Amino acid sequence: MNSAAAAAACASAPAWVVGGGAGGGARSARGPCGIRVCGLGGEAVALRSLRISQGAAVRRAAVAARAAAENGVAGSGGFDYDLVIIGAGVGGHGAALHAVEEGLKTAIIEGDVVGGTCVNRGCVPSKALLAVSGRMRELHDEHHMKSLGLQVSSPGYDRQAVADHANNLASKIRSNLTNSMKALGVDILSGFGAIVGKQKVRYGKVGFPGKEITARNIIIATGSVPFVPKGIEVDGKTVFTSDHALKLESVPDWIAIVGSGYIGLEFSDVYTALGSEVTFVEALDQLMPGFDPEIAKLAQRVLINPRNIDYHTGVFASKITPAKDGKPVQIELIDAKTKEHKETLEVDAALIATGRAPFTKGLGLENINVVTQRGFIPVDERMRVMDADGNVVPNLYCIGDANGKLMLAHAASAQGISVVEQISGRDHILNHLSIPAACFTHPEISMVGLTEPQAREKADKEGFEINVVKTSFKANTKALAENEGDGLAKLIYRPDTGEILGVHILGLHAADLIHEASNAIALGTRLQDIKFAVHAHPTLSEVLDELFKAAKPREGPERKPKHPPQPLLKVLSFVTRLLTSQKRNRQP
């Protein structure tokens, strides 16, 4: 591309070029005039040279050419947009940024606030509260402080300042996401979106006439809301969901948490660090039922037993009544199997952490013969929406919590990017077993792939063998330097092939450590190869290094040669001799 062409592209480009990969990390974007914009951070840094990405310019030209070929209209082939996304959470944001990179004219519809649940009522503000709880927990651990030679007296906190920290962080990230999309040329349309027909969407405020737009492709990314079982009365003050809890309007002396999954476990970390007593109410027979059983057992020893936490397992909270008229919150417990009444708890507050439900009502799915399954929109492995007859609905996709495949913000973003790849003409199927998950307690828990029971069930069904190896944080120099030796890393693998089936970690910075394993699964890296990777010393990453080295896979598939194959060496040798001979012949 010559300078004149580049200048013309810079002047006429409808959107900037986005860089960066999938997931929850910060992504950067380069504008046509050489400005790099961070999608989450929002900072702009001038580049050394003012140049546009040649590859993206070519893609934009291809989009325009394709549209012109279809009906002589440049831009979007007669559609208002190449892509319309309903929902501006992390999933929609990730899809929009990647769509711009591919030269697609893109709009995103948001009926609430940009950022969705993750930014406003989930991942982001909860991490602000957990940052506070981690520091409070450390300051209150007199033995830990003394072992490091530190003396701390009377640590305390300002509840409103803590709440403001969480709210301010959410506001900042929300603003950054909004600004990044605007700067990149994404049209942000306010209102609730609904599908009114094939490749047609109407959006606007509820109760008012909406505006209809057309799109070559549509992505539904409407997310989820807290699930509240029947019989539970939520007042938002003494009985509340995570949406209310993140505002931290109070720190009750005694709080019951219904559900011991990710949400419940993280809030137990926050509340106990701030001085509350916690009682878990869990319907299943063990706490943390979604975790690998061995990790859950260790987590109970580290995160539950030493703290002001008790629990009831195998029971349902059949009825919860908010505090009023001087009476405390009342929780009626029944046996999960027999449904007989067991006891009634009286506490100061109750947090309902029983999971999340898809937000898919009012989307106009009936207009395209789509029927939800327990509220989830059915999709195939490519996130294409399926109708009631099991057929793919053309040009319609659903990502994130609304499809129920994996209810994690970074999974939604990865699914969105995968869809854009398909829209751009490159088939792509996301491996959901390579997507990591983390619980940001102190210490953290992380995981990727299968749990041991899941792996054994798969092995029995498909007829292969599995092995399990473990390493301890107590053997890691960096963890010992921090006096944080409580922790375990666990690897589940196939000894016949060296395939990694699952990795589970409990320990310091487990949420950061898991990505080496998740990337290995995503790329299909075998243990025979990854055990040769070099890790800096002393770092926590050596926990994974020791874990991979502890595995004993058989030879398995032939490894890639480190040197050129023999036929190539012979050719190179012949060419070298020939050139040497010619050089000698030219000498006088």
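A Cβ is built for glycine as well, from the same backbone N, Cα and C atoms used for every other residue.
What TrEMBL records for this protein:
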- 81-416: domain 'FAD/NAD(P)-binding' (DOMAIN)
- CYS118-CYS123: disulfide bond (DISULFID)
- LYS127, GLY193, THR222, GLY223, SER224, ASP401, MET407, LEU408, ALA409, HIS410: FAD binding site (BINDING)
- GLY259, SER260, GLY261, TYR262, ILE263, GLY264, LEU265, GLU266, GLU282, GLY355: NAD(+) binding site (BINDING)
- 435-546: domain 'Pyridine nucleotide-disulphide oxidoreductase dimerisation' (DOMAIN)
- HIS537: active site, proton acceptor (ACT_SITE)
| message | DSSP-wise, what's the residue breakdown of the domain 'Pyridine nucleotide-disulphide oxidoreductase dimerisation' (435-546) into helix, strand and coil? | response | 42 helix, 29 strand, 41 coil
| task | Could you check which of the recorded positions (CYS118, CYS123, GLY261, ILE263, HIS537) sits closest to SER224 (FAD binding site), going Cα to Cα? | result | CYS118
| said: So among GLY259, ILE263, MET407, all listed as binding-site residues, which is physically nearest to CYS123 (disulfide bond)? Use the C-alpha atoms. | reply: ILE263
| said: As a test of reading the model: what is the averaged pLDDT for the domain 'Pyridine nucleotide-disulphide oxidoreductase dimerisation' (435-546)? | reply: 97
| Extra residues within 8 Å (Cβ to Cβ centroid of GLY259, SER260, GLY261, TYR262, ILE263, GLY264, LEU265, GLU266, GLU282, GLY355), NAD(+) | ILE257, PHE267, MET288, ALA353
| remark: Rounding to whole Å, the Cα atoms of THR222 (FAD binding site) and GLY259 (NAD(+) binding site) are apart by 24
| task | Please work out which residue of GLY259, GLY261 has the most C-beta neighbours within 10 angstroms of its C-beta, and give that one of the binding-site residues. | result | GLY259
| note | Whole-number Å distance separating the Cα atoms of CYS118 (disulfide bond) and ALA409 (FAD binding site) is 7
| Residue from LYS127, MET407, ALA409, HIS537 whose C-alpha is spatially nearest that of GLY259 (NAD(+) binding site), among the recorded positions | MET407
